[in-house]
Amino acid sequence: MTAAPNARLEGFGFVDEIKTALEAACPGVVSCADLLAFAARDAVWLTAPLANKALADYAVPAGRRDGLTSPANLAVRNLPTPTMSVDQLTANFRRQKLTRTDMVVLSGAHTIGDTACHHIDNRLYTFKSKNKVDPSLPPAFVIQLKAICTSPGLQLITVDMDQVTPLTFDRQFYSNLQAKKSVLSSDQVLFKDTRTRPTVNRLARSTSVFIREFAKAMVKMGNIGTLRGTAGQVRTDCKFVNAP
C-alpha cells in the first residue's frame, strides 16, 4: 500500500475490517490473498446489472497463502502505467503469463472506479499539440473532463474512468473506447490499435459476454505466483508479516 501506484487507493480500511472479522470467526484460515480475490469478485457482483448477477457470482478458487515479503518496488514494476502503448501493455501482461486478450478483458475493470486527475494530464494539458490537448478527444468530452480536472498536476482530485455508468459493471467501458471517450490514454489505445480493436468491439456488444470473459481472466490472474500448502503464511493483519 506504500507503493506509488497504490498511494491514492481507497479501501484498505475495508480490507482490515474484513480480516478482523475473519480472524474472529476462524483464526488463521483465510489468507489475505484469498480475501482480496473474493472481495474483487463480490465488488463485480454488487455493481453488475441485475440481469448479469448470476454471471458475476463466479467461483473463486481458494487456498492461497500470503507471502513473507511485500516489496513496494514489485508494484511499481508490475502495474501498468496510464500512458503505455499496446506493445508495452502486452509485454507487461505477458510477464505475468497473461495474453493480449486477457489484457483487453481485464482492462474492462475500468468500467467502475476512478483515477487521479494527474494521470490524464497527458491528454488535457501536456499533449504535444498547439493547445496541449489530445486531438483525438471529442471537444465536448475535453470540456467535460476539464470541468473535473481543472488544472494539471492534481493528485487529490479524481475522475471516473467511465463517465457514463461509473457505478455499474457493464460493457460501457468498451463503448466509450469506440466513441473515443476513454479517460486514460492507455485504455484508448486498445481501440486505436487494430490488433486489440476486434476484442474491444466484441466486448462492447454484450455485458454478458464481457462479465463471462472477465470472470475467467480474473481466475487466471488470481493463480499467478500463488503460494500453497505450507509455503508462506496466513497473515493475521494484511499489512504486516506475522511476528515470529
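Here the Cβ of each residue, glycine as well, is placed from N, Cα and C on the backbone.
Please treat TrEMBL annotations as automatic predictions, because they have not gone through curation.
So that you can see what the record holds, here are the features copied from TrEMBL:
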BINDING   Pro80  substrate binding site
BINDING   His110  heme b binding site
BINDING   Thr111, Asp162, Thr165, Asp170  Ca(2+) binding site
DISULFID  Cys32-Cys238  disulfide bond
DISULFID  Cys117-Cys149  disulfide bond
DOMAIN    1-242  domain 'Plant heme peroxidase family profile'
Whole-number Å only: compute the distance from the Cα of Cys238 (disulfide bond) to the Cα of His110 (heme b binding site). 25
Using a 10 Å radius around each Cβ and all protein chains in view, which of these binding-site residues has the most neighbours: Thr111, Thr165? Thr111
Around the Ca(2+) site formed by Thr111, Asp162, Thr165, Asp170, list the extra residues of the same chain whose Cβ is within 8 Å of the site's Cβ centroid. Ile112, Val164, Pro166, Leu167, Thr168, Phe169, Arg171, Gln172, Phe173
Measuring Cα to Cα, how far is Pro80 (substrate binding site) from His110 (heme b binding site) in Å? 13
Just give me the nearest neighbour of Cys32 (disulfide bond) among the recorded positions His110, Cys117, Cys149, Asp162, Asp170, Cα to Cα. His110
Tell me the Cα distance separating Cys149 (disulfide bond) from Thr165 (Ca(2+) binding site), rounded to the nearest angstrom. 19
In angstrom units, rounded to an integer, how far apart are the Cα atoms of Asp170 (Ca(2+) binding site) and Cys117 (disulfide bond)? 23
